[in-house]
Amino acid sequence: MSERPRSPHPRLADRRAARASAPESDPEPLDTSLWPAIGVAAGGAVLQIVGLVIGVVDAPAGYTSWPLAAVLALVPPVAAVIFVGNRRPAAASALLVVFAAVSVGRAVAAVQLAVDASRVSRPDLVAVSGTVPPNASFGLWLLILGFVVTVVAGVLARDRDRPAEDEPRRGLVVGAAALGLLIAIGLVMAPFSSSNPLLPADGVFDSPALALVGGLLVALVMPVGAAVAASSGDADTVRGGILGVGLAALVVGLPPAVAGYVLAELHPSTGPWIALVGIALLVPFAFVSVGRREKSLDQDVDLPGRGNLHLGAGIVGLLAAVSGLVAVALPLLSLPNDAAVPENYAIRLLTPASVLVGVLAVGLLVPAWAALVRPAFSVACAGIVLAVASGFDNVLSATGVITSKATPGAGVWFGALAVLLALVAVIIATLAGASEREDVDLSELEGRPVLGWVAGLAALLAVGAFGFPAVTGPDYESAGLWTFRIASTGSVVALVAVIVAAALAARSRPSRGAALLFGAAGVAVVRALEFAFTGGRVAGSAPALGTWLAVGCTLVLAAGGILAVSMPRVPRGARPL
């Protein structure tokens, strides 16, 4: 009988064996040192509830929101009690600290109600029905005092985490920060739209000074709190901090978002949904493995982190692709009086760009494919920028030509979100590439002249493909590099991505060089498809010179990718990707 193969992770096997042979220990005694902080947090919640029941101003709220707000106010102390009861005091401490940080911004924003409640987009607290701003009532000061007391509870709960036993996983930190940023984006957007001029529907950046500062402080807690919690080596601290961020976002965003559904003069907006997606994706991070044990120098310490970076890039890339497809489905303009919105053909190009990024993002989620797909994914994200810039060019033109009252529609926000997420995904993928290059012997490869010629020819074709118009028609030409429009910025980004990818492919390992060239070919394909997806905007349209040069660029890049994987490896220094 053959000998049983040894575990490739001896330390992990030893730990499992030790755990299996060790007798079960008695339950850890209940930690009572957090009870003062929890009691103070409960007092803050009671003050908030009483203030909301009394009313914060001498005008009624848009809907009866205090029952919902009361339940949400009790979330911090109740969650902390649950954590302590389950022998996780560090998790309770982290959660209370997150709510304390959020309460600072909430207190600042609440002061705006005393200054001028008519300019605050909080129909869950006040609905102005006249031209005279309502006056603050005693309930407002109780509400603010409740926030202050919650801050005190967080201060009392600090420094309860245990010594770190694991190194934080870079992928977990980056992923948590990215999803925290997504939540922050949703929170700063308008929670609803309004057809009543007395009920403002402003996002954080359109709010008056105190509401602006408070809203930004709350939004800042989301990515920073998620990243700080994920960087802890203690599993309970990670769990409490990340759950705290998710619950705090719900507590802040839910009451005003509900107003968009229950008030006839208000309408739902995309901001709360973006925040909700971020929360749903972030909360599972609280239940993943925190990190890895410190390994000896003769072990590959970068592989787990690199895998997490691939996973993070894949998740964010999928979100970017989904956001792009949603942007295509939603209107990019909003006109008053339910006027018909003209079709924006240019944004249709976001469909192939999003599909390309989404397919490659799925590859990043498969460990066996991730390293091979990563270079192509990083280049392909430029296609989203190309398509969104083209669509936004028409939006900016329409808002100035159709009517002065035309405003960006929901599709604009999802298009902007797609670009932002694509940028975040590229950054994460670049970090994964940097981690991979640390393990490669730079003396193994050298540049390949044939691929250098391919890169030069592809660069020349790319300049023409993105420089000249792709669609032409009677009295019409689509944007190119030299039209100096908003769409031109997308062409510049795509052109730079293709040229840089082709140049680096000539001095990369065969598999990585091929991936770079295939990713650049994908961006050229998106450009070549512009006529097929957007030609309907003009009667009698036809593919222009930019389309045919994009087809030629695609063929050259694809041929270069095939050459890259078929050419033998030649020793000497090269830059791996």
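Glycine is no exception: its Cβ is also placed from the backbone N, Cα and C atoms.
Caution: TrEMBL annotation is automatic and unverified by curators.
Just so it is clear, the model here is predicted, and its values are computed rather than measured.
As annotated by TrEMBL, compositional bias 'Basic and acidic residues' applies to 1-17.
Under the heading region 'Disordered', TrEMBL lists 1-30.
For the transmembrane segment (34-57), the list of distant contacts is 65-66, 69-70, 73-74, 76-77, 80-81, 84, 89, 92-93, 96, 99, 103, 110, 113, 117, 125-126, 134-150, 152-154, 156-157, 160: same-chain residues at least six beyond its ends, Cβ to Cβ under 8 Å. Annotated transmembrane segment per TrEMBL: 34-57 (among others), in sequence order.
The transmembrane segment annotation in TrEMBL covers 63-84 (among others).
The transmembrane segment annotation in TrEMBL covers 91-115 (among others).
Within its own chain, the transmembrane segment (135-157) has Cβ neighbours under 8 Å at 34, 36-38, 40-41, 43-58, 73, 76, 80, 92-93, 96-101, 103-104, 106-107, 110-111, 113-114, 117, counting only residues six or more beyond its boundaries. The transmembrane segment annotation in TrEMBL covers 135-157 (among others).
For 209-230 (among others), the entry in TrEMBL reads transmembrane segment.
The annotation transmembrane segment is assigned in TrEMBL to 242-264 (among others).
Sequence annotations record features per position, and here TrEMBL assigns transmembrane segment to 270-290 (among others).
According to TrEMBL, the transmembrane segment annotation covers 311-333 (among others).
What TrEMBL lists as transmembrane segment is 372-392 (among others).
The transmembrane segment feature in TrEMBL is assigned to 412-434 (among others).
Taken from TrEMBL, the feature transmembrane segment covers 450-470 (among others). Proximity of distant same-chain residues to the transmembrane segment (450-470), defined by a Cβ-Cβ separation under 8 Å and at least 6 residues beyond the stretch ends, is recorded for 477-483, 491-492, 494-495, 498-499, 502-503, 505-506, 513, 517, 520, 524, 527-528, 530-531, 543-547, 549-550, 552-553, 556-557, 559-560, 563-564, 567.
Taken from TrEMBL, the feature transmembrane segment applies to 513-533 (among others). With a threshold of 8 Å between CB atoms, the same-chain residues lying at least 6 positions outside the transmembrane segment (513-533) that come near it are 345, 348-349, 351-353, 356, 360, 372-380, 382-383, 386-387, 390, 451, 454, 458, 462, 465-466, 470-471, 478, 494, 497-498, 501-502, 504-507, 541-544, 546-547, 550-551, 553-554, 557-558, 560-562, 564-565, 577.
Spatially, the transmembrane segment (63-84) is not adjacent to the transmembrane segment (270-290); fewer than three Cβ-Cβ distances between them are under 8 Å for residues at least 6 apart in sequence. By the Cβ criterion (distance under 8 Å, sequence gap of 6 or more), the transmembrane segment (270-290) is counted as touching the transmembrane segment (412-434), at least 3 such pairs being found. Of the ranges 91-115, 311-333, 412-434, the one with the most Cβ pairs under 8 Å to the transmembrane segment (242-264) is 91-115.
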